[in-house]
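Working notes, structure below.
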Amino acid sequence: MNSEAGRRAPLVALQAGATLFAVEALRASGPALDHVAGAGGVPAAAVTALVVYAVPVLVAPLVTWLDARRGIAAAVLLLVVLRLLEQAVPTPGFATALSTAVVALGALVLVSDQVGRVGGARFAVGVALGGATDIAVRAAFGTWDPVWRPGLLPWLWTIVACAGLALLLARTWRGFDPAPAPTRVTARYAVLGPYLGLYVLVLGSPAYVASQSGLGAPWAAVVLLLGAVLSIEAVARASRLDVRYRWVVAGVAVVAVGVALFTSGVPALVAVLVGQVAAVLLLSHVPRSFGDGLSTDPDCSIVSLSNSSTIGQSIRRGKMSATSRPRATPHPTRTTNHPTPTKPRTPTPTPLGYALAGLGTGLGFVAIVLPYQANYDLPLPVDNRLLPILAALLLALPALHTALPVAADGLRRLAGVPAVLLVVPVLVLVTTPAPARPVSRGDTVRLVTWNLHYAVNAGAAVDPATIARVLGAQHADVILLQEVNRGWPIGGGTDVAEWLSRALAMPYVWSPAADGQFGNVILSTLPLSDVDTGRLPYGAGPQRRSYAAATVELRSGRSLRVMTAHLQNETDNHATRTREIDALLARWHRRSPAVIAGDFNSMPGWPEISRFTAAGLVSAQDTTGHAGMLSSPTDRPKYRPDWIFGTDDVSFGDFAMPRTTASDHYPLVTSVSLG
């Protein structure tokens with residue numbers, strides 16, 4: 001690596017650090033906003049999000065007050081303090097989580113501005129490296145972010161990350177230009193908002209890749225890290241391309257995101273890889289987009305040309321060195337008529353661009369992610385998967401105004417960083433625990449059904465560990481779960497299915513609902529066969545529901561058919577739930593012995609329950625004498641939406657409803673004996 005590339009390496013690392021902190025903070029803000037939605041409804045959460053995520057607009061007065069260099073130092077140091085505070089408190093609260101998120105976005109805008117002044121390639125590679133580090137950390141922690149986790153290892157990582165970011169700031173900040181860049185220069189970083197939305201939902205989510213492709217979460221992390229390697233290679237090798245190829249890269253990004261969202265399996269996997277590369281390529285010319293009017297050299301950013309070059313520095317000092325002074329030439333004896341050269345227009349430096357960048361980054365993120373998530377309570381007039389495609393389109397717009405960047409010296413070597421990080425998911429793979437031994441013997445199994453509320457507890461904290469402890473204490477052979485999160489932002493982006501499977505050493509069956517990152521799971525210590533998953537009728541909505549079924553092979557040689565589902569939650573949606581129940585019973589095929597359990601969002605005496613009893617099924621809770629126990633919500637139980645039904649050739653015993661606030665539902669536990 002040459003000396004110039006080595007000098008600029010800390011800038012790339014600072015960009016990576018700012019990106020890493022920002023994406024973790026954005027995921028941590030999801031459960032806080034969902035808590036607002038639970039208390040006051042989706043409109044209240046929407047208003048809160050719009051107000052909170054507009055706060056990064058304050059980077060403009062910060063730059064005006066302190067100047068650009070001191071502003072970036074203040075923002076980054078405040079981010080470090082808030083991140084340490086998040087780790088120190090038992091649960092990152094509403095104020096802490098959202099404050100960290102908006103400060104992280106502001107710091108990211110300011111860092112991006114300074115790094116972008118030395119070239120778009122370095123800016124884009126820094127973002128890619130930040131994403132790669134984030135993916136590796138999440139692989140190491142099972143996709144459950146360290147910010148939510150107690151214990152030594154999360155604290156060690158937090159201290160290392162915070163110290164690293166502070167040291168990188170100390171190493172680089174004196175070289176930053178204190179003058180604000182022109183408005184048209186800084187405003188372009190508003191596209192960071194759509195990019196971050198795309199990253200959190202799809203391109204940087206191991207949970208999304210795992211659930212959409214069928215891979216395990218460690219393998220999904222391997223794929224995403226390979227995508228980071230390819231992205232950095234692509235930026236480092238990119239040469240100046242004409243307009244046709246610029247349109248191609250922009251179009252590929254949009255199409256790849258669409259394929260990743262609307263397909264599954266191998267096509268979705270390939271699309272995520274292609275989308276990663278295209279998105280980073282598009283980021284690489286954000287620092288030169290929208291026509292700066294100062295230089296025709298596409299590898300020189302506007303401000304680096306005027307503020308960082310030797311001549312520019314000499315001009316600002318009011319003198320020129322001997323090497324920089326133009327060589328005198330004699331006047332010609334004969335004059336010719338030449339057109340007078342036009343001086344390039346120099347945009348006026350102003351903090352307004354920072355305001356636009358901060359506002360665009362915050363609201364650009366929330367405008368993609370919030371409606372996408374809220375669609376499952378308040379359906380949009382269009383398919384919510386169009387929102388990430390819109391994010392890709394917004395990210396592609398700068399490519400239609402500038403040429404792609406030329407290769408930058410030394411950047412290819414940085415592709416080795418995500419390549420080295422591949423060791424993390426590989427270690428996770430080789431340390432996968434052996435499957436747990438069955439607890440029950442003979443013709444009896446211990447069974448649990450539980451709506452997990454995407455592993456977010458009553459305090460709005462992501463906490464799959466408590467769920468695992470509660471489940472482990474039941475010594476269950478078969479576990480039926482609903483509302484299992486596999487990447488949703490309101491659940492912190494955690495892959496709960498993978499996390500619980502590893503924690504309990506139990507293989508699982510996955511049945512996707514909604515967009516495919518939310519659904520039902522069957523965990524079992526006993527062998528499973530004849531697995532069946534599918535969608536239930538949509539009816540009046542607002543969410544697509546699913547079911548999962550499998551045959552449990554008992555140690556006695558007999559078998560038990562188990563099914564689980566989560567039905568529509570709108571109270572007055574009796575007709576839709578009835579259609580769902582009819583479809584569920586049709587997939588049962590009256591096989592016996594069988595257990596059908598889940599969150600049916602139906603109360604005793606409702607017509608929905610009569611569909612089960614009319615089919616000859618009996619309720620475990622009622623037959624064991626616990627009809628008066630209520631399972632939801634856990635802070636003040638008022639309802640009984642959760643059920644365990646069985647055929648008449650099974651008997652239930654030892655029914656329990658363990659008290660826990662790990663979810664908004666209590667689990668239902670019972671022993672199932674075959675007659």
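Just so you know, glycine gets a Cβ as well, placed from its N, Cα and C.
Remember, TrEMBL labels are computer predictions, not curated facts.
Annotated compositional bias 'Low complexity' per TrEMBL: 325-340, in sequence order.
Among the features that TrEMBL reports, domain 'Endonuclease/exonuclease/phosphatase' is placed at 448-665.
Per TrEMBL, the feature region 'Disordered' maps to 316-349.
What TrEMBL records for 37-59 (among others) is transmembrane segment. Counting residues 6+ beyond its ends, the transmembrane segment (37-59) has Cβ neighbours under 8 Å at 29, 71, 75, 98, 101-102, 105-106, 109-110, 354-355, 357-359, 361-363, 365-366, 370, 374, 377-378, 664 in the same chain.
Sequence-remote contacts of a segment are chain residues at least 6 beyond its ends whose Cβ falls under 8 Å from one of its Cβ atoms, and for the transmembrane segment (71-88) they are 18, 21, 25, 28, 59, 62-63, 65, 96-97, 99-100, 103-104, 106-107, 110-111, 114, 146-147, 154-155, 158-159, 161-162, 165-166, 169, 173, 176. According to TrEMBL, the feature transmembrane segment maps to 71-88 (among others).
Annotation comment: TrEMBL describes 94-111 (among others) as transmembrane segment.
The transmembrane segment annotation in TrEMBL covers 123-141 (among others).
As annotated by TrEMBL, transmembrane segment applies to 153-170 (among others). When Cβ-Cβ distances below 8 Å are used as the criterion, the transmembrane segment (153-170) is approached by residues 10, 13-14, 17-18, 20-21, 72-73, 76-77, 79-80, 83-84, 87, 137, 141, 146-147 of the same chain, each at least six residues removed from its ends.
If you look up TrEMBL, you'll see 191-210 (among others) marked as transmembrane segment.
Same-chain residues lying 6 or more positions outside the transmembrane segment (216-236) and placing a CB less than 8 Å from one of its CB atoms are 121, 124-125, 128-129, 131-132, 135-136, 138-139, 142-143, 203-204, 206-210, 269, 272-273, 276-277, 279-281, 284, 405, 407-408, 411-412, 414-415, 418-419, 421-422, 424-426, 428-429, 495, 498-499. Summarising the annotation, TrEMBL assigns transmembrane segment to 216-236 (among others).
Per TrEMBL, transmembrane segment is recorded for 243-262 (among others). Below 8 angstroms of C-beta separation, residues 198, 202-203, 212, 268, 270-272, 274-275, 278-279, 281-282, 385, 388-389, 391-393, 395-397, 399-400, 402-404, 515 of the same chain, each at least six residues beyond the ends of the transmembrane segment (243-262), sit close to that stretch.
The feature transmembrane segment is assigned by TrEMBL to 268-286 (among others).
The transmembrane segment annotation in TrEMBL covers 352-374 (among others).
Summarising the annotation, TrEMBL assigns transmembrane segment to 386-407 (among others).
Beyond the transmembrane segment (414-434), the same-chain residues lying 6 or more positions past its ends with a Cβ under 8 Å from any Cβ of the stretch are 12, 125, 128-129, 132-133, 135-137, 139-140, 142, 216, 218-219, 221-222, 225-226, 228-229, 232-233, 236, 502, 505. Residues annotated as transmembrane segment in TrEMBL: 414-434 (among others).
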Residues of the parent chain within Cβ reach of the transmembrane segment (94-111), under 8 Å, 6 or more residues beyond its termini: 14-15, 18-19, 21-22, 25-26, 28-29, 31-33, 35-36, 52-53, 55-56, 58-59, 62-63, 68, 71-72, 75-76, 78-79, 82-83, 85-86, 186, 189, 192, 354, 357-358, 361-362, 365, 460
Of 191-210, 268-286, 352-374, whichever stretch has the most CB pairs under 8 A to the transmembrane segment (123-141): 268-286
Stretch-averaged pLDDT - the domain 'Endonuclease/exonuclease/phosphatase' (448-665): 96
